[in-house]
Structures are given as structure tokens and as C-alpha cells.
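If you check TrEMBL, you get these features:
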{"type": "DOMAIN", "residues": "111-169", "note": "domain 'Chromo'"}
{"type": "DOMAIN", "residues": "247-308", "note": "domain 'Pre-SET'"}
{"type": "BINDING", "residues": "C249, C263, C290, C294", "note": "Zn(2+) 2 binding site"}
{"type": "BINDING", "residues": "C249, C251, C254, C262", "note": "Zn(2+) 1 binding site"}
{"type": "BINDING", "residues": "C254, C290, C296, C300", "note": "Zn(2+) 3 binding site"}
{"type": "DOMAIN", "residues": "311-434", "note": "domain 'SET'"}
{"type": "BINDING", "residues": "C394, C468, C470, C475", "note": "Zn(2+) 4 binding site"}
{"type": "DOMAIN", "residues": "464-480", "note": "domain 'Post-SET'"}
Amino acid sequence: MHILLFPYLLTLQNNYILTKLCLQQQFFSAPIEIPLEYAPSNQQHGTAASSKVFPPIEGLFHFGGAENMAEDLNGCSVSCKLSLDDLQAVCRRERLHCKELQVNKYNIDDYEVEYLCDYKKSKEQELYLVKWKGYPELANTWEPRKNLKCKKLMTQFHEDMERELRRQKRRTTCPKRLDKDVAWILVQKAKLRQRLQRWEADLNKTRNHPGRIFVLNEVDLDGPPRDFTYINTYKVGEGIVLNEMAVGCECKDCFSDPVGGCCPGASLHRLAYTDKGQVRVRAGEPIYECNTRCSCGPDCPNRVVQKGIPFDLCIFKTGNGRGWGVRALQHIKKNTFVMEYVGEIITSDEAEKRGHLYDRQGATYLFDLDYVEDVYTVDAAHHGNISHFVNHSCNPNLQVYNVFIDNLDERLPRIALFSTRPIRAGEELTFDYKMQIDPVDAESTRMDSNFSLAGLPSSPKKRIRVECRCGSDTCRKYLF
């Protein structure tokens, strides 16, 4: 049995459409036929396509008329067997507004270019095959250039076309007609750009730091990484507890008039920052920032890392086989905080197990927290922030510092990355995965002088050798 219904209000979730359905006693001119799967209202949404057996649609209804039928259907989910374009087209055809599908009274009659699919040129004019937003690909039409008001999309299309023609070692001048394989690549590029834009929007919605995140891939067709969740702070693994700070400083001015040396003095260390927030202690010396129990305000110069990433950064696809990378979009001064290395805190035993798996994959995101002893490791493989995408260099522009704020457990420092020199806008950000720090006198620090993104100290001997592609003059040829 098929029930002819029209989705009146739609909410999009995880490849499913959670609907409130309006039964129409008089069908539209072209009603849409949607197979329904019953899901009780208290069932977690998205499980309707599981292996569970759902009752037939006939069993959902009573004999009380359309009102009871509509009430029964209120708990149903509709599998996304129609594309968003198809649903938007139905809304426009039936003159219905749907907020979740971005169809409203202001754009219901609009024809917006989603992307350009193909190109041909005659003596009289240039023509573009247009994919219209909210309409299926069957509705694509050839349009003359003069009719199109999408300058940015046209620029992107021609840049992609020229790049692909160069890649295939064809002539770079605009041909009269594109080959099918070139046109296919351009469509995939346009679709990829949309996916990356959605990912970029999700990243910026999740971040809690001032710096914005941008995403760019002009190299291949790789989309957002699978099985990666953006987080802003450590994800604490099973059996690990982060103890909060019990006391804070009582300074009115932590920089010019610190009481008892402020928070660093309480741990027998000195203030790590200048009044401009730039780090002034040597690499290897720990940083103690003011915490949530301190009497100083948010503008205290001893609050730097806790404010989050201050710069706009871009996740971009590298062109030399190093995967994704991160570049600065603003000028960064020397000794400035750039980002924190964030991930899941796990025990070193668990890190040893995961390390063998990552070895086989040819990558690792394990960062040892070895301030006093190797007990915990940060794993940023599946949970992390933008530092997940920062590449290695044997001549890096970022330096690692251990930072303590609300947790003083010396086995669980926060990992902060500061600039080692001025960094230009557009320059890639890197740090040394096998960082070696010159020993500092015992009075200033008790920190181990070896930082590592390679796992446990004993691990490198067992590791698969990974070739380094940083390209620096001082390259060690291998990461591990």
C-alpha cells in the first residue's frame, strides 16, 4: 500500500527527514509518493532504516478519519530517498514555504545558479550549462553568459577548467567545447566546494575561539575527513580525572603588582608573558596562567592560551602528498600564541595499542604528555581541533610549551603552540613532531627536554619509517 502525502513541514537530520505530515483530502495536481517507515515518537531519530521490523503502514491508522491518521503519522520518519533539490523543487511547484529547505516567499520564484556544469563557445556567444539551486539536474539549461549574474561562480569555473586542462597537459586557452571527462571533473569540483563549505560552516559553528576557520582544496577531490569531530578542549578518556584548581591569585594587577608571584610564583616559576601577551620564557619552561578562581579579570595579561585561537586560519590541501595542512591568514608576530593541541586524553598503555594501528596507516596523532613521567597521551586522530591538520617540519615556525591553568596535575599539561619567528599571512604553520629542546637549568624547570608526537619513548625503534616531505634545508629525511 502506498500513501500519497505531501511533506508540509520538514526538519533535516542525519540523512533523514523528520516530518510533520499534512494529509490532503484533495491531492495536488502531482502528489509525491513517499514510502513511510514507522518509528515510535520516543525512538531515537535515524534508526528507522535499521534492521528492526516496522509494522505495515496499514497498522498505523484508526478508523477515526483524517485527523487521527495525521496524529498517527506525527511519529513517522521518511527516509531521504529524494534529494534536497527534488524536495525544494516540489515546494516551489506547489507554492509551499519550508524554512528547513530554505524556500520562502522571497525566493520561491527565484532561479539561483548553484554551479556551472559545462561550457561551449560559438561565434556568436559563450554558453554555460547551469545547475539551478533547488532543481534536479534534469532541469539544467544552457544559458548565454550575458544572462548570468554569478561572477564568483564563473571565476571559479574558469579557474577549475584552466587548472584541469593544465593537469591533463592540454591547451589552457578556453576551448570551443569541453570534453566529457573535463566537464565531469568540473562538476565534481563544484560539488566538492559545496561539501567543504558545509564543513567549514560546521567547524565555525562548533569553535569557541575568536579565530575563524576556512577550508580550501584546489588539489584533488578529497572532501572532509571521515570520523573526525572538532572539539575545543580535551576529551577525557575512560578512568582519567582532571582535578580543578582549588585556589586562585588575589592580584589586582598580575603583571605590575603580582601578589606572591601570582599563579606562576605559587609553583615557584615566573610570569611567562610580556604585557602584550607574548611568551618570554624559554621553550621547556612551563607556563602557569591565572585560572577561574583568580580575582583578576579576563583582560589579565596572564590569560593567553585559555582565550583560544586568536587568528583566522585556513585548512588547505597540500600539493606534495602531505595531506591537509594549515596556513595563517594573518601576520603573526614572534613568540605569539597560535593554537592549542587538543585531543582525547588516554593512558600510555592505550596509546601503545593505538600507535601500532596508526603505524600501519602511516600517520600518528599521539602526543605524549611527558612533563614529569609518561602516564598520559593526547590522541587527536578522531577528536581534535585545527592542530589535527598541522604538518611536520624539520625547520618549524611553531614551538611547543606545556601550560597549566585550571588543572595543576603535572602529568596532564595543556599543549600550546607559539610562533618561533614572524609568520607571514599565507604561510603554512608547522611544528617538529620530534622536537628536541635544549636542556634548561634545574631551577627553572623540571620538564623532560624531549617532546614527541610519535608515541612512547620506546616506540620509534618499532615504528615504520615515515618519509619526511617538509622540504626544508635541514630535513632529517624521516619523521620517525
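Every residue, even glycine, has its Cβ placed from backbone N, Cα and C.
Features recorded in TrEMBL, as mapped to the structure shown.
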residue : record                : CB count, 10 Å
C249    : Zn(2+) 2 binding site : 24
C254    : Zn(2+) 1 binding site : 25
C262    : Zn(2+) 1 binding site : 26
C263    : Zn(2+) 2 binding site : 29
C290    : Zn(2+) 2 binding site : 26
C294    : Zn(2+) 2 binding site : 21
C296    : Zn(2+) 3 binding site : 22
C394    : Zn(2+) 4 binding site : 19
C468    : Zn(2+) 4 binding site : 20
C475    : Zn(2+) 4 binding site : 14
### Summary
Spatial neighbours of C254 (Zn(2+) 1 binding site) among the binding-site residues C263, C290, C300, C468, using Cα within 10 Å, are C263, C290, C300
### Message
Need one number: mean pLDDT over the domain 'Pre-SET' (247-308).
### Response
92
#### Entry: Cα within 10 Å of C296 (Zn(2+) 3 binding site) - qualifying binding-site residues among C249, C251, C263, C290, C394
C249, C251, C290
### Other CB atoms, at most 10 A from the CB of C470 (Zn(2+) 4 binding site)
21
#### Entry: C263 (Zn(2+) 2 binding site): secondary structure state under DSSP, collapsed to three categories
helix
### Query
Among the binding-site residues C249, C290, C294, C394, C475, which ones place their C-alpha within 10 angstroms of the C-alpha of C262 (Zn(2+) 1 binding site)?
C249, C290, C294
### Task
Using DSSP reduced to three states, classify C294 (Zn(2+) 2 binding site) as helix, strand or coil.
coil
### Cα-nearest neighbour of C251 (Zn(2+) 1 binding site) within the listed binding-site residues, C290, C294, C394
C294
## Note on the structure
If you measure between the CA atoms of C263 (Zn(2+) 2 binding site) and C470 (Zn(2+) 4 binding site) and round to the nearest Å, you get 39
### Message
Show me the subset of C249, C290, C468, C470 whose Cα is within 10 Å of C300 (Zn(2+) 3 binding site); these are the binding-site residues I mean.
### Response
C290
## Note on the structure
Reading the DSSP string in three states, the entry for C254 (Zn(2+) 1 binding site) is coil
### Task
Show, in sequence order, which residues other than C249, C263, C290, C294 on the same chain lie with their Cβ within 8 Å of the centre of the Cβ atoms of the Zn(2+) 2 site.
G248, C251, C254, C262, E289, N291, R293, S295, C296, C300, N302
## Note on the structure
For C475 (Zn(2+) 4 binding site), the closest of the binding-site residues by C-alpha position, picking from C249, C290, C294, is C290
### Task
Could you tell me how many residues in the domain 'SET' (311-434) are helical, how many are strand and how many are coil under DSSP?
18 helix, 49 strand, 57 coil
### Query
Just the number: how many Å between the Cα atoms of C470 (Zn(2+) 4 binding site) and C249 (Zn(2+) 2 binding site)?
43
